[in-house]
């Protein structure tokens, strides 16, 4: 199946360097089995800090699971070197923020939640634990006395 990139698009107001924080950041995804096409009903998360051994000593992955429909063992790995921030210059454009190595599992939906951080464009003020589940986030930058926000968060998956 190969590599699949998650691209983010958002409108940033007075913030930049929007990024997931830490190896325990949870990427909430819905997955599709590459063998039978079954799509998971529930959100599943994968984290950089998780590593599961593959059968037959073929390495490890962030998630290994058996398809409920066809019983095939599939896996997906977060490629840590591909995690990028979304910056002010990326405003309202799709940008790859992470890539996944997919072996039988294909991500078909993404739900951003808590665990993001960003910085004030002018002030450098750090805003941590940003939750994007509602696709919008607002706050106030005391240093510049301006409102800050992230709006209209959307995503897409593209094959690399």
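Cβ coordinates are placed from backbone N, Cα and C, and glycine is handled just like the others.
Listed in Swiss-Prot for this protein:
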BINDING   33, 36, 67, 70  Zn(2+) binding site
MOD_RES   75  phosphoserine
Cα distance, the residue listed as 'phosphoserine' to residue 67 (Zn(2+) binding site), nearest Å?
10
Rank the binding-site residues 33, 70 by the number of other Cβ atoms within 10 Å of each Cβ, and give the residue at the low end.
70
Measuring Cα to Cα, how far is the residue listed as 'phosphoserine' from residue 36 (Zn(2+) binding site) in Å?
15
Near Zn(2+): residues not in 33, 36, 67, 70 with Cβ within 8 Å of the site Cβ centroid are 34, 35, 37, 38, 68, 69, 71, 72, 74
Note: in the chain of residue 36 (Zn(2+) binding site), residues six or more apart in sequence with C-beta under 8 angstroms of its C-beta are 67, 69, 70, 72
Cβ atoms other than its own within 10 Å of the Cβ of residue 67 (Zn(2+) binding site), all chains, total 20
Cβ atoms near the residue listed as 'phosphoserine' (within 10 Å, other residues, all chains)
20
